[in-house]
């Protein structure tokens, strides 16, 4: 059952104020760099490490298969945005409600979407802070070091300002800068690795000595790969900003943007993963920029690029959360829409993500855990389930088989990847420092 149509001018005015539906004049290339910013996260820097735990054969298969499956499920999301004539599903949960009913659809989609978006914001708080710290130590090795928590607070201060930008179209320049930076630091990561050349006595064997350790590391690495392709949580919200008419539906410009974004994703991901692993083997760190210590100026620059990119990514993932938060406050709790509400609600969210990031600053293990637990469902198979429910492809047709294949792969990822990630957290817990 679709959500009821807007009944009053007041409700329409609220919709015009909410971040997702307030501006619908985006160009197709906006969607390209929003999607690049959403997808090419700091996770790309952990791909050589994931390759080292997977090995050449499974690693190459996981990287390419993930790219193909997630492009297919992203296409499904774009197609389903206007699958009902005259209606636009502007938010992921609205599509879920159309497929499963108002209540069940909300409970299926919203918790998963929130885990992904809030999880990404927290992880990016840590990444931004640590990259700031890395720039500082590389640029000034003799200076007194600051605590990681101080750098996370500096990073959060930037977001207290940027979070007041009202909607997706208003963060277009931030997103463009972030997309350019992601391409730049990915290129630095693989080009600097290639320039360094294959290290002497490179070892492509597994780092763990026991079969159990190798298995758990393998599963955790699958989570890292799943995390790297997780831009689907914001795709309908991005498409909602594109104008649409019966003659020119939004799916055409959106798909153009998605294809361009996915070409950029391939250019960023595959060379970093394969060249990084080829050069360093299993000696690579869970962030390849740490392994690449020289040239210092280049690594400092790459870390600055990471900071700029993560600033944009945080905003892209925070915007749907702001939308949910403001919808709840205005429609359910009857707060008056306006600047004071937006200022307080968004600032509290930024402070919350910063505090959690400061308290739990261990980055690599969290990626594997979140990657399988929350990203796999919303990226790999929830779109396929929605497609089967809404579009009803003929049983045993190519579309039917393709969707079931994606669902099986995604469910296996959801079950196994968090196990590896959780074990990684448990094993490394002794080295973790809270509030470091």
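Placement of Cβ uses the backbone N, Cα and C atoms for every residue, glycine included.
Annotated features, as they stand in TrEMBL:
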type     : residues : note
DOMAIN   : 25-420   : domain 'Amino acid transporter transmembrane'
TRANSMEM : 28-47    : transmembrane segment
TRANSMEM : 54-75    : transmembrane segment
TRANSMEM : 104-127  : transmembrane segment
TRANSMEM : 171-192  : transmembrane segment
TRANSMEM : 258-280  : transmembrane segment
TRANSMEM : 300-322  : transmembrane segment
TRANSMEM : 343-363  : transmembrane segment
TRANSMEM : 369-388  : transmembrane segment
TRANSMEM : 400-426  : transmembrane segment
Does the transmembrane segment (300-322) come close to the transmembrane segment (171-192), meaning at least 3 CB pairs under 8 Å for residues 6 or more apart?
yes
Most CB pairs under 8 Å with the transmembrane segment (54-75): which of 28-47, 104-127, 258-280, 343-363, 369-388?
258-280
Cβ-based contact of the transmembrane segment (258-280) with the transmembrane segment (369-388), 3 or more pairs under 8 Å:
no
Same chain only, please: residues at least 6 beyond the ends of the transmembrane segment (343-363) with a C-beta under 8 Å from a C-beta of the stretch. Say none if there are none.
118, 121-123, 125-127, 129-130, 148-149, 152-153, 155-156, 159-160, 163-164, 286-287, 318, 321-322, 325-326, 329, 425, 428, 432-436
